[in-house]
Amino acid sequence: MLRIPVRKALVGLSKSPKGCVRTTATAASNLIEVFVDGQSVMVEPGTTVLQACEKVGMQIPRFCYHERLSVAGNCRMCLVEIEKAPKVVAACAMPVMKGWNILTNSEKSKKAREGVMEFLLANHPLDCPICDQGGECDLQDQSMMFGNDRSRFLEGKRAVEDKNIGPLVKTIMTRCIQCTRCIRFASEIAGVDDLGTTGRGNDMQVGTYIEKMFMSELSGNIIDICPVGALTSKPYAFTARPWETRKTESIDVMDAVGSNIVVSTRTGEVMRILPRMHEDINEEWISDKTRFAYDGLKRQRLTEPMVRNEKGLLTYTSWEDALSRVAGMLQSFQGKDVAAIAGGLVDAEALVALKDLLNRVDSDTLCTEEVFPTAGAGTDLRSNYLLNTTIAGVEEADVVLLVGTNPRFEAPLFNARIRKSWLHNDLKVALIGSPVDLTYTYDHLGDSPKILQDIASGSHPFSQVLKEAKKPMVVLGSSALQRNDGAAILAAVSSIAQKIRMTSGVTGDWKVMNILHRIASQVAALDLGYKPGVEAIRKNPPRLLFLLGADGGCITRQDLPKDCFIIYQGHHGDVGAPIADVILPGAAYTEKSATYVNTEGRAQQTKVAVTPPGLAREDWKIIRALSEIAGVTLPYDTLDQVRNRLEEVSPNLVRYDDIEGANYFQQANELSKLVNQQLLADPLVPPQLTIKDFYMTDSISRASQTMAKCVKAVTEGAQAVEEPSIC
């Protein structure tokens, strides 16, 4: 772990405030005056020339500089003239001094940039027509704006062998300009020291030295930060140009973080998914599953309603026939004979529609696949099941205790925040659970949940660390709550959090208790009053079961009576569809305007990027049509009316991009004392231990060939999925 060298590279950084990006400015209160092309600007001591220029709206060209990475200063494209200085300086690395007059467009600056650009293009293949970076390439843009109109280089160009670093990132290393952005991203953000440089001068190459897969859950981000076409997307190769695609701002549902994304589509098909800036959630990064699992949206899709015939086979039918059959069964059964299970990719609109439908047939047996303890405060207090500190709040914490979770694969962008704070703010991290590679050092306290009792009682050495902390966080993974002693684990963590608040120097508004969820629908379902887990259905098996996107395999045919009528509504023929008597095809997250609530309780919206395939429809519309045929018509016909209903049930569900602060931690702790469950000695083992467990976790990613290639590459090595380069 290269914590010390990286910190030396980032020397001069102040402690990162909440939600901000890396800056070289110090905490000094006295400002100094500098001039940019004669325009006065006040900046803090330590501000670089480039930052001072940006403060007045002057854009300086750059290739190696990136706001979230350490300064390398090796591309020299940002050269500017300082009045009375003998030579031009690199704007990204030079701190300003009082009274400087920075000349960004002087003849000297222009000639320096032209010279640098000429050197960069000397060995560049200039293969823009067949380069996937074409149209969004920094080298194209800056050579047009700052380069010369001709080259003096007449010798043969350098050629570099391409590297095979796995099934996601395609390399054409002849295009590489050695900006080292990918290397710095890998070591600083992803925490993986797989990439580096070998050789020097004309022989310098970027690669892995020994051919191997770039083993990171964030590897796709090096495609975005590469300023040229050296690193591009393998699945996207030669499929579309950026100006041909339609961009739709949306939300990711592959985990519970709720990363902001842009869905690029062409001719009704998702071509690629890119990150969208959101400082409080994902900054400008997304995980590989978010970025590359989109091909699963085209495979194993349910496109037409299906019913099981007399021979026990599922056959296609019309919407009228399918809905009539389901409505007839709904009219035959009432109350406890009817139950529903909601899966991990279901939106809030569908959840409230299904809840209203079952309530109208006198049933309240609405369950989620994911278990959450109901003993003690359970789900009655919102603070008991949220990441209360917020994702960006990690940057303010000084101690983090992780319990029964592997955030690197359960919530990669949350883990990246922890690593960022660990690098910049000297964050101390401890883990109770199976030892895993989190990309940062931590104190492993053991894997037994009984350690929680020792910490709560104050007998464990780590109790003193928590007591001395000013802003501690205790993060409990939702996977730990799936155990038989989940209620006892939750009660113990609640007790620790409350004791910290009472005995340490924690400020009044700082929240210690945090739950890290893994699936996108869980928080909204709990907000709407769904029962966590399917234990109620196992104890009292229904005669009609509605599976709304339930593909987790939490219940099987063997758990239900032989005459139980099962309806599956969803978008993939995965785990739930084969056991159903009727299948109603729904829309995936890229095909509907829908509300999702992330693990910190922040409501966000997806937008329609493409239309659902075949006869598939949005989930709430299917449920609304079903209610009308069944004679229990739901009182809404439009999306706005459904959201008005959401507001009636839980107002926070329509306060988009806003977090309603949760409270009542003391009351939750008092109620947790009523839990009489005992902690087990079994070790806390998160379900996603290694990167192989990360790629295929839901119906979309399980249908993705790209994710299957990743699993194969991790299992057998990158050579197993090597693809010859066309270029």
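Just so you know, the numbers here start at 1 and follow the chain as drawn.
The backbone N, Cα and C atoms fix where each Cβ goes, glycine too.
The [2Fe-2S] cluster binding site annotation in Swiss-Prot covers C64, C75, C78, C92 and is backed by similarity to another entry. The feature [4Fe-4S] cluster 1 binding site is assigned by Swiss-Prot to H124, C128, C131, C137, with sequence analysis given as support. Positions annotated as domain '4Fe-4S His(Cys)3-ligated-type' by Swiss-Prot, on the basis of sequence analysis: 108-147. According to Swiss-Prot, the feature N6-acetyllysine maps to K84, K467, K499, K709. For 1-23, the entry in Swiss-Prot reads transit peptide.
When Cβ atoms from all protein chains are considered, those within 10 Å of C64 ([2Fe-2S] cluster binding site) total 23, not counting its own. When the recorded positions C64, C78, K84 are ranked by how far their Cα is from the Cα of C137 ([4Fe-4S] cluster 1 binding site), C64 comes first. In the domain '4Fe-4S His(Cys)3-ligated-type' (108-147), helix, strand and coil residues by DSSP number 27 helix, 0 strand, 13 coil. Within 8 Å of the centroid defined by the CB atoms of C64, C75, C78, C92, the record's [2Fe-2S] cluster site, lie the Cβ atoms of R62, F63, Y65, A72, G73, N74, R76, M77, A90, A91, A93, C179, excluding the listed residues themselves. Among the recorded positions K84, C92, K467, the ones whose Cα sits within 10 Å of the Cα of K499 (N6-acetyllysine) are K467, in sequence order. Of the chain residues outside the [4Fe-4S] cluster 1 site list H124, C128, C131, C137, P125, L126, D127, Q133, G134, L139, Q140, R175, V228, G229 have their Cβ within 8 Å of the site's Cβ mean position.
The distance from the Cα of C75 ([2Fe-2S] cluster binding site) to the Cα of H124 ([4Fe-4S] cluster 1 binding site) comes to 14 Å.
Of C78, H124, C128, K467, all annotated as recorded positions, the residue with the shortest Cα distance to K709 (N6-acetyllysine) is C128. Nearest in space to H124 ([4Fe-4S] cluster 1 binding site), taking C-alpha to C-alpha distance over the binding-site residues C64, C78, C92, is C64. Mean pLDDT across the domain '4Fe-4S His(Cys)3-ligated-type' (108-147) comes to 94 in this model. Counting neighbouring Cβ atoms within 10 Å of each of the recorded positions (H124, K467, K499, K709), the lowest count belongs to K467.
Taking each of the binding-site residues C78, C131 in turn and counting other Cβ atoms within 10 Å of its Cβ gives the largest count for C78. Counting other CB atoms no more than 10 Å from each candidate's CB, the binding-site residues C92, C128, C137 peak at C92.
A gap of 28 Å separates the Cα atoms of C128 ([4Fe-4S] cluster 1 binding site) and C92 ([2Fe-2S] cluster binding site). For K467 (N6-acetyllysine) paired with C131 ([4Fe-4S] cluster 1 binding site), the C-alpha to C-alpha distance reads 56 Å.
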